[in-house]
């Protein structure tokens, strides 16, 4: 008699999985924005979260695509009601990540990319440690960082020094991160960041479909 | 005046790092041995640990390269003195991983590959959780597993069923592992395993050279 399990020839399909929150932080000038853009372009499984903001909509922006544009009382009410995973005031405006869309996306297997600083990372980590993969990108040298900051259109040494101070302050939080990548070459750095994302997707607890998969594999609970 | 830090043009060299213990477990027939061999061949940074064993040396084997061949009293004394990271009795012989070589290797930045079962994994994890990266490889289906086990030179259904039972017993420990990879295609599976290894190498706490690197980067402790 043929073992009934021998007839199981279903192809392996992608297992159900829970998404993750992939955080990239770095001082400005370390290449984070380029790497974030490359990740989004090359991987359809990665999405940006749409933030809520109190700043005015600009020409070309679409409400709900670029940002959720809300007024100050609405933003404050959302913050009070703990509807944000993280939020911050930047240059007189408020920005926040609404929880609801992230929870729904994670459950559906979407990975979210966050381009945020150490304070945002701390907030996210406090609220959802298991879902968060925090990566810090370091410039290869202080010299190279200064060169990159100087290339941003000013030679005013006071402006440069202020940027350097902000960069040093951000770098001082490097040890809050699970992964650290030195950006000595943008392509190599991108490849390393990709590998971190790919590996974290294979963590057992994120592959929610494994429980059923293993049950079928071992014939547990099925007639033998 | 030129900032003295501007003169820092040292190239980025590989940062000092602590090695890791990369564990591959799977039921036999899931492709683990092939993947382990490919890893060792493709990555000079990965080494096999040399086990101690009580079994007799075979023609072609070299003491200290293939195994450390020891007699039973020596092995038992080593086990009693906690000189093994993990050890087991298999088919009447004893096998163990001596701690000393592993500690020295990890400190020097060597990654060790372990092709061991769930019991060895449990022992390693208890003794060195931070250094251990446990990966479990699953076959794509029970049907495929049976086919692979049948291809091993016997059609005796009793032998096959005994192997299947051992495979199911091993699989039942899948949830002890940090990472799980389904081997539906050997090349894809290998690439996934590689990515896990590469990512784990970028964990902050393994890159022991980062502390000094960041100190130089921010000019901390140097004259300004």
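Placed from the backbone N, Cα and C atoms, the Cβ positions cover glycine too.
Taking all protein chains in view, 27 other C-beta atoms sit within 10 angstroms of the C-beta of residue A:30 (ATP binding site). In the three-state DSSP assignment, the secondary structure recorded for residue A:30 (ATP binding site) is coil. The ATP binding site annotation in TrEMBL covers A:26, A:27, A:28, A:29, A:30, A:31, A:32, A:33.
This prediction places the mean pLDDT of the domain 'Guanylate kinase-like' (A:19-198) at 92. Summarising the annotation, TrEMBL assigns domain 'Guanylate kinase-like' to A:19-198.
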### Query
Out of A:26, A:28, which of the binding-site residues is least crowded by other Cβ atoms within 10 Å?
A:28
### Query
For the binding-site residues A:27, A:29, A:31, which one has its C-beta crowded by the most other C-beta atoms within 10 angstroms?
A:27
### Task
Could you check the binding-site residues A:32, A:33 and say which one's CB has the fewest neighbouring CB atoms inside 10 Å?
A:33
